[in-house]
Amino acid sequence: MRQAGTGTGGAAVAVVGPVAVPLLLLLLLARSPPAAAGDGQKNDARLVSEQFSQAPQKLAFYSWYGSARLFHFRVPPDTVLLRWLLQVSRGSGPTCTNVEITVYFRYGAPPVINPLGTSFPDNTSVQPSFFLKMLHSNASINISHPAPGDWFVAAHLPPSSHKIEVKGFVPTCAYIFQPDMLVVRVVEVSILDPDVPLPQTLLSHPSYLKVFVPEYTQELRLELQGCASNGSLGCPVRLTVGSATLPGNFQKVLTCSSPTQACHLLLPSPPWDRWLQVTAKSLAGPRVSVAFSAVAALTACRPWSVNFQHLLQSTPNQSSNASTVLLPPTPSYQDLDRTGRVGGGSFCLRSFPVLREDVDVVSVRFQPLDRVSVVVQSDMPSVMRLNLNTGMDSGGSLTISMRVNKTAIANTSVVACVTAASPLLSFNASLSCTTAFFQGHPLSLSASSPTANLIIPYPETDNWYLSLQLMCPERPEECEQASVLVETTLNLVPCLNDCGPYGQCLLLRRHGYLYAGCSCKAGWRGWSCTDNSTAQSAAQQKAAALLLTLSNLVFLAPIAISVHRSLLVEASVYAYTMFFSTFYHACDQPGEAVLCILNYDTLQYCDFLGSGVSIWVTVLCMARLKAALKYVLFLLGTLVFAMSLQLDRRAAWNTMGPCLFAIVVMVTMWVYRCGRRRHCYPPSWQRWVFYLLPGISMAAVAITIYTSMMTSDNYYYTHSIWHMLLAGSAAFLLPPREQHTKPWACSQKLTCHYEICKNHRDELYTVT
């Protein structure tokens, strides 16, 4: 069972049913690859195959973005076919069942997913994700003419049940996922030079062309000239221009069939500074040849260049117009010839240099060189370029904030468009924010709305552009001499607002690639922990904090009983546990009810250590060992707990192992005393009925709650019950004091000199 998601972009993506993936790999690699479009009966010697693979990962049930397993691939240039081979394997235990696995694909950045259906922050622009749902079976997916560069695959199991499972206590099923990438790329590509006809003849295989689009190209025109066919009328040719990307695919397809009309394709604002793939395929029969000449024409774009020195000397209050902030174009801009240089022609944009300041990992600040604002006019767009093509910038969120003075924009408006690869150079009345191969993100400023914000999670690896232009829809003549200062705040941040007060921004890693995600608390959900549909109220948070902290006061009972029975070491352990458990849970709370006296990790370690050692000393105390042996085991057990918790503090057997050993020691001593005294131990039925059975029952209920009943929703009261049951069982299970020991013996006043004290039980003499 498989289900494809949205954003396929026509027929560029094909999903193939379950296949024997290793056999498919051998078949594909053993022979020359077929043509990308599947046409033709003979092999195309221009195509070669390459395979890429990564180590498999264990899938997890989805609860936040860190639950998804991310794979990072790089598609080589001139690839005409990309095939993902998806392999899933699972364990053989009784808990292993068929579960639905969701696999996401995206070009340029990790996929933005939302399996829980939560809301995104305001002003967030999110494209639908392309995904594939599959059961425990192998599958493949084909993408024709994929864009070269970074591709990401993410996979996860269905949303989790929010049950808190003790690691290693209950057997779990392992689901292993591994994607392999097989690419078919062409090694002979014809270069299409500007304004130079390139003759081509199509028979059974398509022609692969590419044209380089230099920076500051305003328009690209592709045309077929002199098209003729020996077996049909017209020009039976189909051109596919551009590369396929996911989730959105903006490839341009031109079908030429009319024998009289010219066959051409006009691409405004094509992607700058890169090669553009063009594939020509014959629509005639297999033995029909089609001849034509392909011509590419590039229209130059002359940018105004802003004077650096003038900007650095400007002040925020200085009035500005076109003549004061602009200089003639720099001498390096010349005519757009075959080498792609820019020159003659009308000016089409005003270029503002932007300073990129790397702050931290996945954290960048962009700002104009004048540090304040950008001049916007109506004659041409003002463009700012944001360099996000380092390969390490796609793991955060791009935030754009713009502000304008209300008085300066009374009868006008400022429209803006955020695009990747190339800027929008022609604003029209419909305010369409679309370039040749990219759907941009529109923004607008007006007197009624002087601020505008945009958030783009996981922006694609590319150069991004912010284009702004002044518009006067009612009175166009008012815009001719007008200019507006727009203040911009441009940042790349790991997490928006650091995930807010109810979340934690965590940096995730896949090999050398870093990306960030929000882990939410207190019922808050969403990409940035802003969805409060299931959030706890402030009263619920305070109640949870009080329950988790004040429930530890039940440890006062075993502390008092231990002191009363002269069990000072046990009393110290219980006091240690009560103290650190109280302050650990006070620090573990989200939102307002938080109090951390030490580092969070230190408090958590001490809480886990105190809980384990409390059980250890209680069970050994019930064994009634000799004092020397008991205290040696106390110390050794504490050291073992410290070591095991340092290895993995959440593993069940790191705590249960020493506790089971203590129970074995206790049972052995009890059996030994039963055999020696010829009657049951402890001998008193009152001891069994009023102390041991209630204590054992409370301990059994506590273990049941801890291992099988806790969820993220009921944690604050089930864990509080665990605290009370653990402390209550210790109070019931502590053995009675020795007959020769007086109650509260430790509270008697100590003498001020040395004396010889006799231990009547062990017959040892010590100096006190």
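Glycine is no exception: its Cβ is also placed from the backbone N, Cα and C atoms.
TrEMBL annotations: computationally assigned, not manually curated.
Positions annotated as signal peptide by TrEMBL: 1-37.
Long-range contacts of the domain 'EGF-like' (491-530) within the same chain: residues 64-66, 70-72, 110, 112, 114, 116, 118-121, 124, 360-366, 388, 392-399, 455, 457-459, 536, 541, 589-592, 713, each at least 6 residues beyond the stretch ends and with a Cβ under 8 Å from a Cβ of the stretch. For 491-530, the entry in TrEMBL reads domain 'EGF-like'.
Residues annotated as disulfide bond in TrEMBL: Cys495-Cys505 (among others).
Neighbour density for Cys520 (disulfide bond): within 10 A of its CB lie 24 other CB atoms from the protein chains shown. Residues annotated as disulfide bond in TrEMBL: Cys520-Cys529 (among others).
Residues or ranges marked as transmembrane segment by TrEMBL: 543-561 (among others). Sequence-distant contacts of the transmembrane segment (543-561) (same chain, six or more residues past either end, CB-CB distance under 8 Å): 536, 567, 570-571, 574-575, 577-578, 581-583, 585-586, 588-589, 593, 618, 716-717, 719-721, 723-724, 727-728, 730-731, 734.
Remote same-chain residues near the transmembrane segment (628-645) are listed as 569, 605, 608-609, 612-613, 616-617, 620-621, 651, 654-655, 657-658, 662, 665, 762 (criterion: CB distance under 8 Å, separation of at least six residues from the stretch ends). For 628-645 (among others), the entry in TrEMBL reads transmembrane segment.
Counting only same-chain residues 6+ beyond the ends of the transmembrane segment (651-672), those with a CB under 8 A from a CB of the stretch are 166-169, 608, 611-612, 615-616, 619-620, 622-625, 633, 637, 640-641, 644-645, 681-682, 707. If you look up TrEMBL, you'll see 651-672 (among others) marked as transmembrane segment.
The transmembrane segment feature in TrEMBL is assigned to 688-709 (among others).
Residues or ranges marked as transmembrane segment by TrEMBL: 715-734 (among others). Sequence-remote contacts of a segment are chain residues at least 6 beyond its ends whose Cβ falls under 8 Å from one of its Cβ atoms, and for the transmembrane segment (715-734) they are 164, 543-544, 547-548, 551-552, 554-555, 557-558, 561-562, 565, 567, 570, 574, 578, 581, 585, 611, 614-615, 618-619, 621-622, 691-692, 694-696, 698-699, 701-702, 705-706, 709.
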Predicted model, mean pLDDT over the domain 'EGF-like' (491-530): 91
Tertiary neighbours of Cys495 (disulfide bond) (same chain, Cβ under 8 Å, six or more apart): Gly396, Ser397, Gly503, Cys505, Ala516, Gly517, Cys518, Ser528
Distal contacts, the transmembrane segment (688-709) - CB-CB under 8 A, six or more residues away: 166, 169-170, 652, 682, 718, 721-722, 725-726, 728-733
CB contacts for Cys529 (disulfide bond) [other CB atoms within 10 A, all chains]: 29
